[in-house]
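Taken from TrEMBL, the feature domain 'Endoplasmic reticulum vesicle transporter N-terminal' applies to 2-92. According to TrEMBL, the domain 'Endoplasmic reticulum vesicle transporter C-terminal' annotation covers 102-266. Here TrEMBL flags 17-36, 244-265 as transmembrane segment.
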Amino acid sequence: GQFDIYRKVPKDLTQPTYTGAFISILCCVFILFLFLSELTGFIATEIVNELYVDDPDKDSGGKIEVSLNITLPNLHCDLVGLDIQDEMGRHEVGHIENSMKIPLNQGAGCRFEGEFIINKVPGNFHISTHSASAQPQNPDMTHFIHKLAFGDKLQMHQEKGAFNALGGADRLASNPLASHDYILKIVPTVYEDLSGKQKFSYQYTVANKEYVAYSHTGRIVPAIWFRYDLSPITVKYTERRQPFYRFITTICAIVGGTFTVAGIIDSCIFTASEAWKKIQIGKMS
């Protein structure tokens, strides 16, 4: 019919050639290679990150969950306490909700594990002997931090970022009478998976110093201070996958493009060989 865009070429004008067969095989291999690389790209999810200024987790009521796990090998559990202070006027000594103290080294040491809430304003929480009924003479604040994390736990495929930057901090060889200051900058982090579900976590950077503090009355009782401040910048990680229509478009482009280029190469070779044959015939005659 006149609307047939695939018009048939008369048989005697089409002829198979060895180069054509060789190029066809090369094409199929090339197409397969490109198809597989596109397919792996389509299946894999990429994680895109962006920055913006906002409080991402507005439903939290301006609060952040904190998870702390710390070992003090030379301080009795009766003496260990968690105190929380912040710029909203909160001042809590000996916070005990959702926390447990596990005696170590026949009761000479203690492991403190706690989960508590802080407000989204600058403040600090500290491990100290302030809540003990009687203050010890020489409290030993050497410690090992197993975990300090804020917000939801993220199950990222490529977990990057500093969600537990202090995990593994070893201060067991420090001066027993020293206080420790950890200055934290907390960065809100949102993770959105393929289904659009969001999790709110916090990364942080840390600087630390260690010192023996004195006042006019003598040496100040040492403590382990975690002073925090929040960054106004939020980091957002979004899982993305290439849309299906783009995958199909690319596959069509690969197949069509490869055969078109191959056809051009084949016809060039065929034309060149025909011309060469004519030249040879011309020389013989």
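Just so you know, the numbers here start at 1 and follow the chain as drawn.
The backbone N, Cα and C atoms fix where each Cβ goes, glycine too.
Averaged across the domain 'Endoplasmic reticulum vesicle transporter N-terminal' (2-92), the predicted model reaches a pLDDT of 85. Using DSSP to sort the residues of the domain 'Endoplasmic reticulum vesicle transporter N-terminal' (2-92) gives these counts of helix, strand and coil: 32 helix, 26 strand, 33 coil.
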